[in-house]
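Copied over from Swiss-Prot:
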- LEU126, GLY130, HIS131, LEU132, GLU251: (6S)-5,6,7,8-tetrahydrofolate binding site (BINDING)
- HIS234: site 'Plays an important role in substrate specificity' (SITE)
- LYS235: N6-(pyridoxal phosphate)lysine (MOD_RES)
Amino acid sequence: MRGGGIVFFKSRISAVDPAVARIIDGEVSRQRKHLQLIASENFASAAVLEAQGSVFTNKYAEGYPGKRYYCGCEYADQIERLAIERVCKLFGCSYANVQPHSGSQANQAVFLALLNPGDTVLGFSLASGGHLTHGASVNLSGKWFNAVHYNVRRDNFEIDMDEVRDLAKKHSPRMIIAGASAYSKYIDFKSFREIADEVGAYLLGDVAHYAGLIAAGEYPSPFPYVDVMTSTTHKTLRGPRGAIVLTNSEELIRKINSAIFPGLQGGPQMHAIAARAVAFGEALTTEFKEYIRSVIRNAKTLANVLRERGFDVLSGGTDTHIVMIDLRKLNLKGNVSALKLESAGIICNKNAIPFDEEKPFVTSGLRFGSPAETTRGMRELEFAHIGGLIADLLEEKISTDNAAEMVLDLTSKFNFYNV
């Protein structure tokens, strides 16, 4: 081990720790050679990665710009203020906190800021496409609060707004959550606002999956309808891992800031905030808007190909980057199907579908997403090919080995991270 000096500051991972270097190289190779179709994943730019690995890694900056508990925070203040300015411009809001380490912590901060333990929360059922932090029984949000859940309609698998209203009137929730992790259609934030007003509830919009689409103007904005919006900064925003909390209320941002620090977190990860600032700047460009339009076109192409091949695509298609398929008609399970696709280099995830009778680690569905491979440069032609490969594999019309060769041939044409 090197104690310090010039060598310490110049040594590369490959020289200092070959074991870690080999693992990183292996992951780079995996990302290059496989098709990354997990809806919550994306590829960050080289600029984002550079900021994430910057010397801000070294800096402790407990508190907020202009009010820190440590000295030497001049540049930490500058980068955090820049991130806040950019994200507020991106989503058309007045206030932002860019410090949450994850989407789950962002949601937890809103709970801490606005609720008391035992308060009633109305959220989207995990089984219908919601998220763990929307009141799932295994999550803190379901353990500390009285969680009630709305579902999708059985006829079209879209959010049942009649049920939302009925449950809100019956249970008088302190907060209603509008958001999802496995839902491919538009969310009607205006109707959620009307229901929240009827029962005097806060409205939280958790748009972690849709944030990039919203920023590009290709998905309904939660503002001005929600009281608070949360989102991760990776996924469709194409930034580093982390999260944001946004609002137009000065009163609420004070409560949220206190909930995040000192309520939940200590020092913010300034290197991650620097990377978020870069990602927000990228998302403000016209190039990002065109990228998001391609993301949606590619997802629609994938959904159309799978539907034409006889697969049951939930909701009949997609408005977003997410494509969900129901495998029950083919007598297939999500876990087995996901592993089969992975063996050919197609990476997706097993996913429960609405009213699924299978266990969470089995499931009856698969979830696909288009953001990562769109970032890589693939367009509708490639996604049509990918859809055909998925169908051929699941219908056993092609061997895994042959499919793997075709995947490798495709991915080799779209190389990246050439470092």
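Cβ atoms here come from the backbone N, Cα and C positions, even for glycine.
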Local Cβ density at GLU251 ((6S)-5,6,7,8-tetrahydrofolate binding site) - other Cβ atoms counted within 10 Å: 9
Alpha-carbon distance [GLY130 ((6S)-5,6,7,8-tetrahydrofolate binding site); HIS234 (site 'Plays an important role in substrate specificity')] in Å: 18
Secondary structure of GLY130 ((6S)-5,6,7,8-tetrahydrofolate binding site) (DSSP, helix/strand/coil): coil
Alpha-carbon distance [LYS235 (N6-(pyridoxal phosphate)lysine); GLU251 ((6S)-5,6,7,8-tetrahydrofolate binding site)] in Å: 29
Protein Cβ atoms within 10 Å of LEU132 ((6S)-5,6,7,8-tetrahydrofolate binding site), excluding its own: 16
Close in space, distant in sequence - GLY130 ((6S)-5,6,7,8-tetrahydrofolate binding site), Cβ under 8 Å, 6 or more apart: GLY123, PHE124, ALA136, HIS149, ILE177, GLY179, ALA180, SER181, TYR183
Distance in Å spanning the most remote Cα pair of LEU126, GLY130, HIS131, LEU132, GLU251, given for (6S)-5,6,7,8-tetrahydrofolate: 31
